[in-house]
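Asks: The signal peptide feature in TrEMBL is assigned to 1-15. Here TrEMBL flags 227-523 as domain 'Peptidase S8/S53'. Residues annotated as active site, charge relay system in TrEMBL: Asp233, His292, Ser486.
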Amino acid sequence: MMRSLKILTALLSSAAILCSCSEKMQINESGASASGPSAKLIYTSENAVTGSLIVRLDIDAATSLNHGIATRSGNSEAPLTRSGIEDLDSVLENIDVVSITPLFRIEGKNAERAQKAGLDRWFVIRFSKDVNLDEAAMELASADEVSGVQFNKKMQKTGIYKAVRASAGSGMENFTKSSSAPFNDPMLGKQWHYINTGDRSIYSGIKAGADINCAAAWKLCTGDPRIIVAVVDNGVQWDHPDLAANMWKNEAELNGTQGKDDDGNGYIDDIYGYNFVTDGPLALSSGDEGSHGTHVAGTVAAVNNNGTGVCGVAGGSGNNDGVRIMSCQIFYNDDQRSGTSEVIAEAIIYAADNGASIIQCSFSYAGGAYTSDAVYSWNASAEKAAIDYFMSVSNNDAVDGGLAIFAAGNELRPVSAYPAAYKDYISVTAISCDFTPAYYTNHGPGSNIAAPGGDAYQSYLESDNSYSQILSTFNGGEYGYMQGTSMACPHVSGAAALGLSYALKLGKKYTRDQFTALLLTSVYGIDGYCTGEKPYYTDYGYPATLDLSQFKGTMGTGCIDAYQLLMNVRGTTCIPVETGKQEQIDIAQYIGDGNATFTISAVDISEEDKSALGISADPVIYSGKILLKCSKTGSGIIKVTLKAGTGNSSGMNGLPTAKEFALISRPFQTDNGGWL
């Protein structure tokens, strides 16, 4: 439903553009139209960095300026302050410009592609912080050579900071993991978000199955090093014992000369990624909140089956076969450039040009900054140009473009935050360990899919612990809990990486739209849990109750199910069954148009899958249906032998054929179409 809303918004946006092109008007953040120099403004000065603006020049001016920069760079270390274009230079002089630099480093093998996308037209103009930002923007916008002036906005991380370290002696060593878990990582037992067995030591109201179904998925695929996920966030601890083996490595820089751009990509010593805030090597942010990027990275691809710490969704099997994490650092302590438009845009271009297939983005504009796709797309920001470029680039053989996955935001607003809400990106909402929406999650228009994000108050109010949050890696080689749509988002990024890995394994390739459709329909419904109330505390520390009915039909298609995604990649139909209920499965519903004629002659299921599903008696064929009962949440494959055509007493028989189906057992089905 949410995807349909995005498509409808896109159509309305297109209509608006067609209607207004002749007037050359721009839509500002408030949704109002503007003309003249103000029509060139992108964003407003609210929450923007002083002393800098991002400009987009016309083709001729950009070509001239880039030529000047190229010919100057070898002769002088002094920054360029003028363009060589008389009219534009008079404006630059008026605002006392101290430097002009290209926003993107258009170098190496991808230069032609970047130029074709118009990335060489973007520049950062720096000037005294004493200059009024709005006046400087209007001055620049008045120049004919300037086609856009963007305020250098700051974004925010989408974690709710109840960050708690899981330190030695906290009982972590006594955690027990599910018998269905295939790996030996000691903390996997408290990663309910992967495999939820209903362990009430986490929270008394926990419900088995409120997870992303990793146990079944990992039997099919655990990752592939050819899939690179760019974590656009705080810097990731590259040498964390549970991440190091799965970090992307720039081999030329790793084995090259320190202080030299060994691979010619425009960046020096970018071994595991780059710190775009300080324009240098990765650096860890201070405080537990500085672990945000490391925590997110661990959810995507902490190393599995290494006898250490936690697991990652696509972290491999312990045989150096996990997906790779590229750290694109856009946040660093209180640095003025931290989280700004310029560093985000540059980081995303870097991800595209250095091999990433997914950008994992747990950040957003402040709530309410944008209210429609029309406003967001009309503003045509540098970040959007960078994301569009990323999505146009194919960096693996499984999909023809990049996937942009964003957190929906944590303001409890009835709309997704931007950029997540934009029609071409994937917006992730958050659920708790009992299937209910998390108390903080944004939802509604622009929201596409849900994933576990944790709910601190469930376990905290009951047992004064953090177990109902999301457990992952922390800076300092440690582990800890966080919650937020920031934590939900990497579950979807990890599942997407797992799906692409499985597609590589099977030799399948998709368009970006095809794979996105697979991802968004590989879900289970949660609307049945959007009823009643749940307690929580406001940001000011006051107790409150949350009306869950507001979330019904607004959380996206449902909660991501990694096993369903792999089954969809494989081409195997998934059949939902209700845990603890005697089911009568009409296989005809899942073949052709639902009206095929055949006879079921046999149903086979392995002992392993019977155990996983809690099937104590063999399935029975009765009146053309399959009767079975699953006493556990879980997943497994049934192989159904069918006879096409009819037989007779003379020995003529139908043609036997076998088809596999995936059974997925959960507590109950819901009514939002989440079973797909």
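Note that the numbers count up from 1, one per residue, in the order the chain is shown.
For all residues, glycine too, the Cβ spot is worked out from N, Cα and C.
Automated prediction, rather than curation, is the source of TrEMBL annotations.
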Asks: Express the distance between the Cα positions of His292 (active site, charge relay system) and Ser486 (active site, charge relay system) as a whole number of Å.
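Replies: Between the Cα atoms of His292 (active site, charge relay system) and Ser486 (active site, charge relay system), the distance comes to 8 Å.
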Asks: Take the domain 'Peptidase S8/S53' (227-523) and average the pLDDT across it for me.
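Replies: Averaging the confidence scores along the domain 'Peptidase S8/S53' (227-523) gives 96.
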Asks: Mind giving me a neighbour count for Ser486 (active site, charge relay system)? Other Cβ atoms within 10 Å of its Cβ, every protein chain shown.
Replies: 32
Asks: How long is the line from the C-alpha of Asp233 (active site, charge relay system) to the C-alpha of Ser486 (active site, charge relay system), rounded to the nearest angstrom?
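Replies: Between the alpha carbons of Asp233 (active site, charge relay system) and Ser486 (active site, charge relay system) there are 10 Å.
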